[in-house]
Amino acid sequence: MDDYETPLLSKDSSSSSSVITSSLKWILKVVMSMIFVTWVVFLMMMYPEQLGDDFLTFVSSKTFLGTTGTMFLIFSCPILVISVLASLYLIISGEDKVFTKKKISKFPRFRLWTFPVLVDGPFGVVSAAEFLGIMVFSVFFLWSIYAYTLRNLDLLERFHVLPKNRSILLLEVTGLRLGMIGLLCMVFLFLPISRGSILLRLIDIPFEHATRYHVWLGHITMAFFSLHGLCYVVGWIIQGQLLELIFSWNAIGIAILPGVISLVAGLLMWVTSLHTVRKNYFELFFYTHQLYIVFIVFLALHVGDYMFSIVAGGIFLFILDRFLRFCQSRRTVDVISAKSLPCGTLELVLSKPPNMRYNALSFIFLQVRELSWLQWHPFSVSSSPLDGNHHVAVLIKVLGGWTAKLRDQLSNLYEAENQDQLISPQSYPKITTCVEGPYGHESPYHLAYENLVLVAGGIGITPFFAILSDILHRKRDGKACLPSKVLVVWAIKNSDELSLLSAIDIPSICPFFSKKLNLEIHIYITRQSEPRLEDGMVHKVVHPSVKLPRTNGCSMSVLVGTGDNIWSGLYLIISTIGFISMITLLDIFYIKRYNITTWWYKGLLFVGCMVASVLIFGGLVVVFWHRWEHKTGEVEANGNDKVDLNGEETHNPSAAELKGLAIEEDVQNYTTIRYGTRPAFREIFESLNGKWGSVDVGVIVCGPATLQTTVAKEIRSHSIWRSANHPLFHFNSHSFDL
């Protein structure tokens, strides 16, 4: 009996702990939801005539907060409180989310986030959840415009002025209201662009997907700000005081010149972020967008601390993320190996510490200092976390000037290696890389489906290599892995791109994988009507790679917002407490004591406190986080298996595996190649009706916008008219578009 007491006690303890954890998570979810809903409802109720003004007057006069503190409490504190609670939620949740059949619904059901409602147009593919969000914002804007219009008309009736002055007054109050709506848009503007945002991790929306929300909000915000400025300019022209007023810088009240500077910076960012400019002149867009610093600082000088506190919460979270990214990106990262495939695609294997965690659908930002110290480019990770603890791989397609320079740099390395110049470190070309990330989904959602359809266009196959590797490793090691049927649909232009298949060796990862995973790969070569002689073996060719010397022995830094939950939570909480403390102490011991009343100066002090709190309090956490990284990295490195030059952990297959590898299914057994045609997704989805039955099917698309639109349109049509015994397809996009 004694032999069974410990396991039983352990099981009871684990069950009790699970109940406590679930209860705490449920409580935190309820509290965060209540705070968010209350905050949004309160913002909507601020517009009626007297309610908002009366509340602000009451709180600011009856408490120690004052006007600035009251505005900060109403508009910014809810975001910061939700962020703090979100960090606690993620700490309690743990590192990994395991999907099992018990957690998955037995019957297919619609999901708001994966059902495409709009599949074409200016918004691209829009899910039902996103469509609801657009509707809520639309109602919010219409309601605010309506409420402010009523207030403007009521205000005009109170003043008996000449018709000319009446027009000027109407323009000025309209401009004031439009500026206020623009500020309310800015409350949300910086939340999606924070790459390691705790809020994005909470709702499991990756940064590459959230950027579209930033784009939408940016257009709306700048539209309101532009109309705001236009109303005032027209009014000043009517008065004949344009030059006099536009260069005024008032000590008390709104400082106009800083507002003009902020608006000009915003307009430059807005114009260069339009799709045509961004696509054809990305560097112009990228460098111009650094004017966000001018935009924010001069906005604070324009409106002062009182109004700037409305948008302070989102901007503060962005500054937190930006500082952490700066700290991570200062470290140079070793390139373990580099390889060029026949199709021109480059593969880089980068060194990473064993304690860095990421999901198969992650991506990184890469800088190569020999090419540019300013340019950072996003690339999907092609390796699985289970491929090895010490490396991460990316595939880079040569498309523009930066990637062409990288290809030339690798060519120089090949030549230097062939000429035996690598013996002299001073003579051979170098590749000095810096990395930000990894970023991506908080949970590996590809493991949430028993049935997967992976649709790729060209280099979009890269993240699917990571997915396949992740699934195969889990099947081989007996880990929790829900997917059992995977269909890969890959459209490419030429057969040269088949060489990308050499990036993953499926039989060597999981011998006899066909007994554990039903895998089909359908390849469509659109610009060739028939195969070339070498096409049958191109995927088997192993191309030589350059082994680069470990110049500094450095791997990627774990100082990332998506990294360790405890440290990222401490970074957020301590920095937030430090910011509020600095603002409070500054108000008590400086502003009130010395009777500081200049609006623009108080706005500058407010921004200074935001930056200083991140540098001082956040920097202190970063120092200890960095020390923890070194200690845990050394411990894990000593306890891990050795790594070969390609960055892969040594794996010794058994005799049965070796025999299996010799007679294992060839790639042709699960790969079908079609020439001169494009994927017919309606036929593909209909063919799965009888094969898979009534199940949930996760469809992940990585490719150009036209591919996403085509797939989303077929999924929407199939989902609406599907029979009860047919699969329900869930649309997921994994395409990155800045």
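Backbone N, Cα and C atoms are what each Cβ position is placed from, and that goes for glycine too.
Copied over from Swiss-Prot:
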type	residues	note
BINDING	H214, H228, H289, H302	heme binding site
BINDING	H377, P378, F379, S380	FAD binding site
BINDING	G437, P438, Y439, G440	NAD(+) binding site
DOMAIN	178-299	domain 'Ferric oxidoreductase'
DOMAIN	328-445	domain 'FAD-binding FR-type'
TOPO_DOM	1-29	topological domain 'Cytoplasmic'
TOPO_DOM	50-71	topological domain 'Extracellular'
TOPO_DOM	91-122	topological domain 'Cytoplasmic'
TOPO_DOM	147-212	topological domain 'Extracellular'
TOPO_DOM	237-287	topological domain 'Cytoplasmic'
TOPO_DOM	313-334	topological domain 'Extracellular'
TOPO_DOM	356-564	topological domain 'Cytoplasmic'
TOPO_DOM	588-602	topological domain 'Extracellular'
TOPO_DOM	626-738	topological domain 'Cytoplasmic'
TRANSMEM	30-49	transmembrane segment
TRANSMEM	72-90	transmembrane segment
TRANSMEM	123-146	transmembrane segment
TRANSMEM	213-236	transmembrane segment
TRANSMEM	288-312	transmembrane segment
TRANSMEM	335-355	transmembrane segment
TRANSMEM	565-587	transmembrane segment
TRANSMEM	603-625	transmembrane segment
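Annotated features taken from Swiss-Prot, shown on the structure.
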{"residue": "H214", "record": "heme binding site", "Cβ neighbours (10 Å)": "20"}
{"residue": "H228", "record": "heme binding site", "Cβ neighbours (10 Å)": "22"}
{"residue": "H289", "record": "heme binding site", "Cβ neighbours (10 Å)": "17"}
{"residue": "H302", "record": "heme binding site", "Cβ neighbours (10 Å)": "24"}
{"residue": "H377", "record": "FAD binding site", "Cβ neighbours (10 Å)": "20"}
{"residue": "P378", "record": "FAD binding site", "Cβ neighbours (10 Å)": "19"}
{"residue": "F379", "record": "FAD binding site", "Cβ neighbours (10 Å)": "23"}
{"residue": "S380", "record": "FAD binding site", "Cβ neighbours (10 Å)": "27"}
{"residue": "G437", "record": "NAD(+) binding site", "Cβ neighbours (10 Å)": "28"}
{"residue": "P438", "record": "NAD(+) binding site", "Cβ neighbours (10 Å)": "24"}
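In the predicted structure, the topological domain 'Cytoplasmic' (356-564) carries a mean pLDDT of 82. Y439 (NAD(+) binding site) sits 35 Å from H302 (heme binding site), taking the Cα positions as reference.
For the transmembrane segment (288-312), the list of distant contacts is 67-69, 71-72, 75-76, 183-184, 186-187, 189-190, 254-256, 258-259, 261-262, 265-266, 268-269, 272-273, 599-600, 602-607, 610: same-chain residues at least six beyond its ends, Cβ to Cβ under 8 Å.
The stretch from 72-90, 123-146, 565-587 that makes the most Cβ contacts under 8 Å with the transmembrane segment (603-625) is 565-587.
What surrounds the NAD(+) site, by Cβ distance within 8 Å of the Cβ centroid and not counting G437, P438, Y439, G440, is the set R195, P206, F207, Y358, S362, F363, I364, V381, V560, T562 from the same chain.
Same-chain residues lying 6+ beyond the ends of the transmembrane segment (565-587) with a Cβ under 8 Å from its Cβ atoms: 66, 68-69, 72, 80, 83-84, 87-88, 90-91, 93-95, 196, 198, 316, 320, 324, 605-606, 609-610, 612-614, 616-618, 620-622, 625, 628. Looking only at the binding-site residues H214, H228, H302, the one with its C-alpha closest to S380 (FAD binding site) is H214. Only residues 6 or more beyond the boundaries of the topological domain 'Extracellular' (588-602), in the same chain, are considered here, and those with a CB under 8 A from a CB of the stretch are 68, 249-255, 258, 300-306. Residue annotation for heme gives H214, H228, H289, H302. The furthest Cα pair among them is separated by 23 Å.
Other Cβ atoms within 10 Å of the Cβ of Y439 (NAD(+) binding site), summed over all protein chains shown, number 24.
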